[in-house]
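Working notes for the structure below.
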């Protein structure tokens with residue numbers, strides 16, 4: 001491969017190993033960069049991801065460059081795997097660059113069980129988890145909330161969970177931002193969003209969301225793994241979901257409000273789904289407050305699911321969650337916009353850092369990293385598919401300079417859902433995973449399993465390898481599924 | 001009227017054609033239903049949705065958004081959609097177009113379905129062509 005490649009009419013110039021740049025031209029307000037190996041780049045270039053990345057550079061105030069992570073793929077408006085940092089004084093904030101599922105994210109819980117403790121009990125475990133944790137469409141939530149409950153969750157985040165017996169103090173101290181965004185403004189969340197939220201507190205949803213019991217298979221950095229409390233053959237639990245209908249409604253509401261309120265800005269953008277509110281405008285303030293409230297809701301959603309998981313493990317293994325040392329390793333968002341201070345051209349600037357399908361990856365020393373991990377770097381959790389495993393990384397030393405402190409968020413899809421259902425049969429995928437890899441899967445429908453079959457994703461090993469090589473997220477440990485529930 | 005589910009890397013798209021705007025919108029809603037569920041039973045009460053908007057694309061967005069909202073709060077899967085779209089050139093800026101639509105709501109307890117998170121504006125097309133009305137919508141999964 002030469003130092004210049006072209007996909008769908010878009011030319012990329014190789015800057016250094018794994019760094020590709022699209023030159024600023026025309027109405028673009030910045031260049032764009034793709035962090036990928038040649039193999040991943042050929043997959044990224046196969047759909048409209050690169051055009052969506054170019055479109056993202058049209059957003060006002062975009063700083064340095066729009067970025068596509070190694071797991072990037074086509075989304076709506078802003079690509080999945082996209083990072084865009086816009087100035088908070090003369091830039092903008094874009095709901096479409098956050099995504100509908102505000103604070104979709106992942107958390108990992110440690111246990112003191114080893115794989116041998118679980119072998120032989122996988123079916124009992126997966127069945128009980130599936131019965132206990134609502135999933136799919138219409139599964140309700142662990143908590144049937146009222147308006148007062150939703151308002152409290154939107155305001156207080158995981159502090160509400162602690163006060164109501166769903167969390168421990170250590171859960172909060174091991175969550176991004178302590179599980180609470182003080183900028184939350186529930187008054188800017190619509191009644192429709194709150195109505196949807198009442199019925200879904202503690203629910204996985206469907207799509208690519210799941211809960212997975214995993215075993216640690218590989219350790220790559222002993223010292224960091226020790227700081228994260230990870231060791232070979234250890235059982236951990238990974239939970240992937242977001243703010244459910246409440247967050248989806250907030251995004252839908254603000255896309256329309258911004259479309260009507262700032263038509264002049266929208267007219268200058270190549271995709272209406274990029275609708276953005278100018279920094280300092282009433283709508284920018286309102287959306288940021290509503291989005292932060294949804295962030296709080298999502299943290300509570302994952303916390304309540306984790307609480308249920310603790311109860312199931314206690315029942316199956318006949319020990320208390322405390323005796324099983326079921327402790328939160330970390331919870332990190334991958335659909336979010338946050339005001340963060342970054343050094344740009346030698347000057348500290350406050351930016352709305354949009355991460356849509358991208359994970360914050362702050363290195364050691366950054367004050368936002370929880371105290372427990374400040375000397376080693378922020379934990380990063382990158383889920384793979386049901387048949388390949390997941391990774392735990394730590395924020396790399398180059399992340400602030402290269403990617404506004406960000407890295408990938410998963411394996412990234414390469415095959416559409418419609419194609420997946422033609423190519424895979426859910427029951428067959430499930431049976432093969434059980435028979436050949438001893439992975440026990442339980443889902444609401446076979447179609448969901450087919451849509452999420454291991455073959456629809458990029459090579460997560462390659463995604464993580466690029467992140468590690470760039471120094472934006474360093475590989476710490478690898479896990480492999482034991483059992484998986486999904487909607 | 002007819003619709004087809006179209007491939008999208010992460011999400012799902014619905015492409016539809018119809019003789020009238022109302023039929024087009026209903027066909028896209030039928031595609032939304034199929035994206036969530038391959039089979040549904042015959043039970044469930046019909047309910048009505050009314051939306052107004054400044055443009056046709058905005059009307060389609062609001063209609064599909066409202067359907068997804070009603071799905072979650074009524075706890076039913078909306079199926080078998082009917083819609084009538086009317087233009088009101090004399091009305092205010094935000095009320096140029098109106099849709100009155102109905103759907104049958106199959107209780108969640110009676111169906112296995114998957115979530116569609118939201119309607120998006122990405123690649124949205126609503127236009128009158130020589131052969132009739134054409135629409136294309138991407139939904140977030």
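Positions of Cβ are set from backbone N, Cα and C atoms, glycine also.
No curator has checked TrEMBL annotations; they are predicted automatically.
What TrEMBL records for A:101, A:209 is Mn(2+) 1 binding site. The feature region 'Disordered' is assigned by TrEMBL to A:177-201. Residues annotated as GMP binding site in TrEMBL: A:208-212, A:334-335, A:383-386, A:390, A:409-412, A:486. The annotation Mn(2+) 2 binding site is assigned in TrEMBL to A:240, A:334. The active site, GMP-histidine intermediate annotation in TrEMBL covers A:409.
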### Query
Near residue A:335 (GMP binding site), which binding-site residues out of A:101, A:209, A:240 have their CA within 10 Å?
A:101
### Query
Does residue A:409 (GMP binding site) have same-chain partners at least 6 apart in sequence with Cβ under 8 Å from its own Cβ, and which are they?
A:69, A:71, A:81, A:334, A:355, A:357, A:358, A:359, A:382
### Query
Could you state the CA-to-CA distance between residue A:208 (GMP binding site) and residue A:240 (Mn(2+) 2 binding site) to the nearest Å?
8
## Note on the structure
For the binding-site residues A:101, A:240, A:334, A:385, A:409, proximity to chain B (Cβ under 8 Å) holds for A:101
### Summary
Note: in the chain of residue A:101 (Mn(2+) 1 binding site), residues six or more apart in sequence with C-beta under 8 angstroms of its C-beta are A:242, A:243, A:244, A:247, A:248, A:335
### Query
What are the non-local neighbours of residue A:240 (Mn(2+) 2 binding site), defined as same-chain residues 6+ apart in sequence with CB under 8 A from its CB?
A:104, A:105, A:106, A:208, A:209, A:210, A:211, A:212, A:383
### Summary
Filtered by Cβ under 8 Å and at least 6 apart in sequence, the residues in the chain of residue A:385 (GMP binding site) near it are A:411, A:452, A:453, A:454, A:456, A:457, A:460
### Message
Given a separation of at least six residues and a C-beta threshold under 8 Å, show me what packs close to residue A:412 (GMP binding site) in the same chain.
### Response
A:43, A:70, A:71, A:72, A:73, A:80, A:81, A:357, A:457, A:458, A:463
### Query
Counting across all protein chains shown, how many other Cβ atoms sit within 10 Å of the Cβ of residue A:209 (Mn(2+) 1 binding site)?
24
### Message
Through the lens of DSSP with three states only, how would you label residue A:209 (Mn(2+) 1 binding site)?
### Response
coil
### Task
Pull the DSSP breakdown for the region 'Disordered' (A:177-201) and write it out as helix, strand, coil residue counts.
14 helix, 1 strand, 10 coil
